[in-house]
Amino acid sequence: MSRNISIPGAIDAAAAMPSSALEADGITKSFRDRKTEVKVLDGLSLTVQPGQFASIIGPSGSGKSTLFHIIGGLLKPDAGAIRMNGSDVTGQKGRIAYMPQQPALFPWRTALDNVLLPRELSGMPKEQARDEARILMERAGLSGFENAYPDTLSGGMQQRTAFLRTLMSPQEVMCLDEPFSALDALTRTDMQHWLLDMWEADRRSVLMITHHIEEALLLSDVVYVMSNRPAAILQKIEVPFARPRSEALLHQPAFLALKQEISDRMRNELRKS
Amino acid sequence: MSRNISIPGAIDAAAAMPSSALEADGITKSFRDRKTEVKVLDGLSLTVQPGQFASIIGPSGSGKSTLFHIIGGLLKPDAGAIRMNGSDVTGQKGRIAYMPQQPALFPWRTALDNVLLPRELSGMPKEQARDEARILMERAGLSGFENAYPDTLSGGMQQRTAFLRTLMSPQEVMCLDEPFSALDALTRTDMQHWLLDMWEADRRSVLMITHHIEEALLLSDVVYVMSNRPAAILQKIEVPFARPRSEALLHQPAFLALKQEISDRMRNELRKS
Amino acid sequence: AGCGNGTKAPAEESGGEESGNAPAQVKNVKVMLDWTANTNHTGLYAARDLGYYKEEGLNVEIVQPGAGGTDAMVASGQADFGISYQEGVTLARTQGVPLVSIAAVIQHNTSGFAAPVDRNIKKASDFEGKSYGGWGSPVEEAVMKSIMDIDGADVSKVKMINMGDADYFTAVKRDIDFAWIYYAWTGVEAELRGEPLDMIYVKDYSEALDYYTPVLVTNEDKIANDPELVKAFMSATAKGYEYAINQPEEAAALLSKAVPELDEELVLASQKWLSPKYQDDAARWGEQKAEVWNNYAEWMFERKLLDKPLESEQAFTNDFLPNTP
Amino acid sequence: MRMWWKDVWPPVVAVLLFLGAWQAAVYMFHIEDWILPSPAGIAREAASGAQGLPGHTLATLRLTLTGFVIGTAVGFIIALILHMLPGLKTALYPLLVVSQNVPTIALAPLLMIWFGFGMLPKIIVITLVCFFPVAVAAMDGLARTDRTMMNYMQMAGAGRWQTFSKLELPHALPSLFSGLRIAATYSVMGAVIGEWIGSDRGIGYYMMLQKSAYRTDRVFVAIVIVVLLSLLMVGLITLLEKRLIRWNAKSREVSR
Amino acid sequence: MRMWWKDVWPPVVAVLLFLGAWQAAVYMFHIEDWILPSPAGIAREAASGAQGLPGHTLATLRLTLTGFVIGTAVGFIIALILHMLPGLKTALYPLLVVSQNVPTIALAPLLMIWFGFGMLPKIIVITLVCFFPVAVAAMDGLARTDRTMMNYMQMAGAGRWQTFSKLELPHALPSLFSGLRIAATYSVMGAVIGEWIGSDRGIGYYMMLQKSAYRTDRVFVAIVIVVLLSLLMVGLITLLEKRLIRWNAKSREVSR
Ligand SMILES: Nc1ncnc2c1ncn2[C@@H]1O[C@H](COP(=O)(O)OP(=O)(O)OP(=O)(O)O)[C@@H](O)[C@H]1O
Ligand SMILES: Nc1ncnc2c1ncn2[C@@H]1O[C@H](COP(=O)(O)OP(=O)(O)OP(=O)(O)O)[C@@H](O)[C@H]1O
Ligand SMILES: [Mg+2]
Ligand SMILES: [Mg+2]
């Protein structure tokens, strides 16, 4: 992991005030397509503090991936701004370590070379990164498939490869779009724990989209619940459970209650539309 | 839905004995790639009775999708046979209504036209099918996106479109590969209920891959737990709960116990490797 | 093309459209040129547009050549007649192509080596040390050697450059000092441009090189099976060329009208230069002499430009020329 | 309207710049007219000496269109057949290459002997020119069909023809259009070459005559017409492409 | 070894069948030698009258290879530049089309005047022939890059050059090879045409000479050599493609 690689502009603003690692401020976005116009985001705001683990939960099609595209600079918001460490980075690319919803692996690269891609992009020596990537792949249960091409990997294996690729990205803020959706329950739990371990070790800020309320509660400091399209933040939930959190937490009444609360909140939201 | 369309060869054999709608018998399959050989399926057998709802649960990369490819005739098993209603259909295509793990929507077709594809393939009049498809899309929360191209749909919307496409297929046996993995909890529950309703109305045989143990238990008559690669059936679980099953079932001790049992079984399996 | 649509025919020739009411049979005839239309062809256009062919009961179509395909076309009977040249007929016949020359369009060889006056090439020995632009044929080198030998010069001191499609005017602008041209066209154009050139006619050096170029050809089949047609065609054609000989200006106007894309000025000047040369010292237009055929064939054979000697009596005939003396 | 203009001005400006540079070069290096006439000279000649040019142009255009349509159809059908029968593909590919390597000087006499002096030999020449890029591009495009979509299509029991028409063909369309654009570019030159092998009409014929009459300016008038016709063909193909491949060309609002 | 043979026999059989049909046609329709020689006649002539043919062949091969390499490089670089600068692309596309529509008869004199009679004008002719299919295919391929991969690449902060070299180029490789295969097919004819505009060596020169000597059989010997060279070029490209695009060509064990 290369958590000590500094991103230009990341430090200078931080001195001024204890600003947030990532802030989306009043983001509004519509898609126009011939006659129809779809308003997707409607003044959405959220913040991720430095070293914080935040999750987003929201109905399918509400605009979560679109928000990530805006944060990543791929799309320009119609209104609002993205700030990192206090400076405006709206429309700037390459500021986040991003895991897309679809794996988007390059079919002409082996799994290992796909994992190495971010290192190549930041111009770092490939040889040393290769060993690191091998270790990561082994940890993710992919050993033996280093030289397999993506289309010979199973869906879940592709997703894990994409996850590793994101881990290899040097940026301070990680944005994960449903990173474990294609994994079986146990592999998923395993990956969650691993992610938590890594996060606790280096405290990169994380923003994760998930459909799994348990997952969100288990991993996050704060959970944002998104409304239906056009989306804004419906609720911001500070998760009160102490860390490190164990599997046992899943069965505690407080946990179950919070889970139920989020579930109900979303049910109401979905009913509305 | 066109559940009363008969598939050639489906009836003749049925008279002989109460045979199963789908039977995989001792399926073995390896992939060879240059030097390496990966043995994926190792004598796997399972059956789906007519009108039965069966699920497969198994570790990521164990060979579930491969099994579906074999059932669908895309791949030839190294050993073993696929039978439907008693007759050998190994390597025959077009016998199942299939939902792939990746949506695989055609980017040059609108969502609606993608849903209509199976009807076109079976040469049925398109006009009447169009109304049917519109109703399905509305039910799946996709109204307003009939004319959207797949790459403007969110991940979950694409998955729902692919699901609808499968519903439009006339075949008697449905094979669903993680149909709801990209959906939020509530949309997912909604889709599950809808699927159950439809299944109860027309009793097509269903074989579903899922990573969601709850989902499997809630929907299925029988759950197959797959082992790690090379995969065989680890356990066949007849789900004892009466139908119709409600949301409340999720909190009943018997349900929780069964869920825990499967979970433990898989954990042991994963540990082994 | 001038469709002499008038008469009825059982259309034995290719694609005959029949209409009208004249009594005689009209035969469709194709003549294929050797190159784009120029003053070498004036007689054909005159015979066509003055109605001489029609008088003979012929409906003549003049066709532009394909990429060097005239001889094959005529030999295979796709075209009834064509324009070729003696060198071609000689080579073709020794390769078994059944071409027969039936008239010399121009009595003496008007081709030769030309150079802009500033290159100072006045005689064959001046070729030494100069660059020659040609098309790389061994015949060129042999001809050059012949005439340089006569002047006692060494052909190996000439730099030979294959200039392919480039024309004289372009070529002499760069690298090239002299080239082989037909005076009637290129030389006259040079006069018109005011770019004087020195011309060394090959015929002035050797009898053997005073060969016929161009000639009218047909194939052996036609001669054997339809001599009447050949006769009729030749008598009208001869009238056409006689018209061109006697009335150069009108003939030039005729050609310009028939092929309006041509430059009128060049056509007129060229015609005036060429008209007296068609018949020249011969008894009648078109006359061919056996010695000319023999001389040139022998010259070629000696220089190993031919695989075998030419049987010249079969290569040409004067039998179809009108008013045999 | 605005959009249309936005698409049109860059090439117009580029062409004008090109013509300007040409004119300047002719002027500055004193290049003589009969080597390379200036654009102004060409325009003057084109304006004055019409001389049946519209007729020639029309003849060539008709020949081009006929030949292009036949050529691309042949190319497409060959691609279709060879794609459907992969065994045949490896077998016949070399013959396709052969077809592109018989020079006109050898081909022309044969064509004329077999097919006479009419349209047919000329159309065969254009066909030979046009079919090849279309066939290669279409075959390659067809062979590159997306694997997951193909898997779905096969498991859905689609027949060979359905797979082709509903999946492979739409998937190969962009590639096919690459080939069509190349073929369109060549088609007019193909017609001109066709006219050279024997014709009494058309721009090719006109060009030959002017060439041998040393009228370089008129040769360039003919070239300009050839170029314009060719741009017309390419423009038509591009328009058709925009029509047919709308799902691909949609503005994606991706900021670079 | 077995595999290799399996790839080789279908084209060999097809070519043999083709030659057989040709021989039979010549025999049955009594086609005379000077119209269309029989394959046997051509073979006989090739075997007997060597006449410096190896030398000519070598000259043409060298010219072809040089021209092909330069031509494809130019095509690729043009595609690269126009892809990187989309404004320039719409502007310059028409000029690319123009470049394909200047016939050799007008071009040859100009080339000669500007560049003399050396290798240069010939290489320019092959370049003009080869660059275009490569440029069009490469540009189209580059423009069709997969959207989700592109999104990832951009959000990862890849620079313009990184995006090109790591995503767009590999993605466009199959399409580029379509263009290369077309260009390879044309390259030898390009060299022959180049030799026609002025040369004293090479197959093109030889062909012209034999043509004017009415040696149809030798003209066809030359054509056979052109075809063989061209097949060699296409074969090289196909080999290179198999090398470079292994991820695509892998046997997928999909039963049809
Ligand atoms: N390029 C686009 N053009 C037009 N509409 C788009 C585009 N991208 C997304 N949309 C629309 O924006 C909405 C939100 O899409 P988005 O992918 O952000 O949803 P999401 O919250 O990620 O959903 P999911 O959980 O299903 O992935 C959808 O209605 C979608 O149709
Ligand atoms: N075409 C192929 N070539 C080689 N190996 C393959 C191929 N397809 C699948 N495999 C291998 O087969 C194994 C099983 O793959 P499969 O897609 O069936 O897994 P799965 O059970 O569906 O997993 P997941 O839940 O992650 O989708 C994997 O190890 C994969 O690498
Ligand atoms: Mg999403
Ligand atoms: Mg799978």
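Quick reminder: no glycine exception, Cβ is built from N, Cα and C everywhere.
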Have a look at D:92-117, D:144-169 and point to the one annotated transmembrane segment in TrEMBL. D:92-117
Taking D:32-55, D:176-199 as the choices, which stretch does TrEMBL tie to transmembrane segment? D:176-199
Residues sitting near the transmembrane segment (D:176-199): Cβ under 8 Å, six or more positions beyond its termini, same chain? 60, 63-64, 67-68, 71-72, 75-76, 104, 107-108, 111-112, 117, 121-123, 125-126, 128-138, 141, 205, 207-208, 226, 229-230, 233-234, 236-238, 240-241, 244-245
Taking residues 6+ outside the transmembrane segment (D:123-143), which of them lie with a CB under 8 Å of any CB in it? 63-64, 66-68, 70-72, 74-76, 78-80, 82-83, 89, 96, 99-100, 104, 107, 111, 115, 164, 168-169, 171-176, 178-180, 182-183, 186-187, 189-191, 193-194, 197
Under an 8 Å Cβ to Cβ limit, what residues of the same chain, 6 or more beyond the ends of the transmembrane segment (D:63-85), are close to it? 92-93, 96, 119, 122-123, 125-136, 138-139, 142-143, 160, 164, 168, 176, 179-180, 183-184, 187-188, 190-191, 194-195, 202, 229, 233
